[in-house]
Structures are given as structure tokens and as C-alpha cells.
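Following: one structure in C-alpha cells, then a few remarks.
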Amino acid sequence: MSKPRTRVAVIFGGRSNEHSVSCVSAGSVLRNLDPERYEVVPIGITTEGSWVLGSTDPETLSIRGRALPSVDADGSALALTADPTRSGDLVALDDGEAGKILASVDVVFPVLHGAYGEDGTIQGLLELAGVPYVGPGVLASAAGMDKEFTKKLLAAEGLPIGFQVVLRPGTATLTDEQKSRLHLPVFVKPARGGSSIGITRVAEWAALDDAIAHARLHDPKVIVESGIIGREVECGVLEFPDGDVRASVIAEIRMPEGAGDDEAFYDFDSKYLDDVCEFDVPAKLDESVSDEIRELAVRAFSALDCQGLARVDFFVTEDGPVINEINTMPGFTSISMYPRMWGAVGVDYGTLVSTLVDTALARGIGLR
């Protein structure tokens, strides 16, 4: 008798400004979950926050030209019950079916990027519901989403970070003293965002206030970081079902000559639409530098109390590696660096997502 398949809910979309990136990531996950091992239940979250039963066809979640996918409200409306005695039950909400159990899932893969998904919110719901899930828990997800607290935790562990100033709601701009501690260029960012959305490179102070206003379109709390001169690299961290935590090879992102001017950086269009960046996987670094980055990545993973996976971004400077940020649910598109880094060491995409699901099931539920 064949072993029953594990029922995996893949959740995507969401209310954040990274809605479309989440959809594309989920399409790649759907494409690579082994149908002999897993029965997939796709759940889309609209930009308004409604949960609907999605399509199992990954092509519906693909980028077409420069058109990005999104979740519409046409599917059957549903909700995940937060009652742990009904762990994993997905309940219909539509008239005539309200209360009917549409499916009961064994584990959730929350392929959500940004606010209301990657920031500890859905992780809290899944903890209440008593459902195992892929990725870090509530604390690590919340801290990893907020660049202020990411760096506070990293600094507390003695890990190398750059200088930043936090502008909370009600604080309009930098003081002269803060400007003197920063050095141009600076990067102005939403404190709780990803995919390089809302980020501006500021080369002169006259442009600062416009950059802050732009970032505040996405988050009332803003980070201003000193620009760091160095090579931009990334390292993936993966937890296995036995609890072993490993780091991937290092990848380097390069803006090729002719792709832009001195102000070019790895922004949203560069990542997902324009195909102008060049990547070295593995990066062409001295072995000792690569080993140091891998060690720092695992230490950063531990500093935030992550589980499952994370991608740690660095600058390699003349004085050594500096951690830029941690992404607790990195992109899973076909061109995303996290699966590419693991693919370079023989962990193909299908094996990667299976490992993540198996690790979530091994971890179980409750305090740990």
C-alpha cells in the first residue's frame, strides 16, 4: 500500500507591495513540489486580504513580458481555522458552502514576501492554528523584516554591520549631527520592506527629503544607511530535518558596465524585469573570504533564532564582510539567488523545497 501524500498548503500573494513577487515565487514552488510525495493546496491572498482557493497551474503565476501576476477574488473564499483542535482545516466562506471543510492540510509553505506575511503575522496565525509551517517563527520573522531590529540583534552578537539612522513616524528628516555621522551616498529605505521597493540612493543632501517621502509611501518608519563600498554578495542558510544548519556557496551580483551609471544599484526592475544584472555563482572570492561569509551567515541565522531558511546579504569591503540584511523568506522565482546558490552545490530546486517541508514537519508545533 502506497504511503499517503503529504498535503501542503502553498500560500501566496498578500497585502504587501511584494504581492506579485510572492506570486511568481509560489509558481516556482508549485512547479517543483513532487506530485508523488505532495498534494498541493494553493491559497491566494488578494491585495485586500481575502483568502481564495487558487489554481494548481503554475503558469497562472508567471511573469508575462513586463506584466506581473496577482491574485484575484474569483476563487472559492476560505479561511484557515485558528482552532488547534481542528488543525489545518480550511473552511469555505461562500454563501451556500459556509462552514464546509474544503481541505485539511498537514503543513503550510507561506511563500509570502513583505508585510502581513513575512513579518511574523501569518506565522502567529499558524502557531495559533497548530499547523507546522516552512521557515522561521514569529520572532525571527518579525525581526528579520524590520531593518532596525535586525541590526540591533546582529550588533548584540558582535556581528559586522553598517551604520544606520532610524526615522520614526513624526521625525521628518535627519539632524545635522546625524548627517555628519553618515557619509554620502546614503540609501533611504522603508524599514520593513523587501525586493528593493521604495529604496532611493541619495548622492546629495538636497535630495534627501524627497527620498524619505518616497520611502514613506511604503512604511512610516524609514532607515537611512551609509553607502558601503564593496562587492555585493549573498549566502543561503538551510536547516535540515535533523537540525543541521548549513551555508550555501556565495553568490555575487554585478551591475555590468553599460547597464547604468554610477548611481545604478540592484533595484526591483533589475531583479525581476530588466535582466541587466550579472551573477557569479559561486562568487570569485578567496576561499578564506568565502569561508568567513559562510560562518557569519550561520551566526546571523542563529542571532535571529531563525529556523528553516534565510538568505543573508553582505558587502565585501577592504576591511572584511559587512552584513547588510537577512531575508527570512527569500525569493523563490526561477531566477532567485537562494535556489541558485543551493543548486550550485547539488541541491536542486525540487530537493530544496522537499527539504524545507520535511524540516517543518520534523520541527512540529508549539514552543521549541
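Cβ atoms here come from the backbone N, Cα and C positions, even for glycine.
Noted in Swiss-Prot for the protein shown:
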type    : residues       : note
DOMAIN  : 151-358        : domain 'ATP-grasp'
BINDING : 179-234        : ATP binding site
BINDING : ASP313, GLU325 : Mg(2+) 1 binding site
BINDING : GLU325, ASN327 : Mg(2+) 2 binding site
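Among the binding-site residues listed (VAL186, ALA207, LYS221), LYS221 has its Cα nearest to the Cα of ASN327 (Mg(2+) 2 binding site). LYS179 (ATP binding site) sits 22 Å from GLU325 (Mg(2+) 1 binding site), counting Cα to Cα.
In three-state terms derived from DSSP, ASN327 (Mg(2+) 2 binding site) belongs to an extended strand segment. Cα of VAL186 (ATP binding site) to Cα of GLU325 (Mg(2+) 1 binding site): a distance of 16 Å. ALA207 (ATP binding site) counts 16 other C-beta atoms within 10 Å of its own C-beta, drawing on all protein chains shown. Within the same chain, the residues at least 6 positions away from GLU325 (Mg(2+) 1 binding site) whose Cβ sits under 8 Å from its Cβ are LYS147, THR150, VAL312, ASP313, listed in sequence order. LYS221 (ATP binding site) falls outside any helix or strand according to DSSP and counts as coil.
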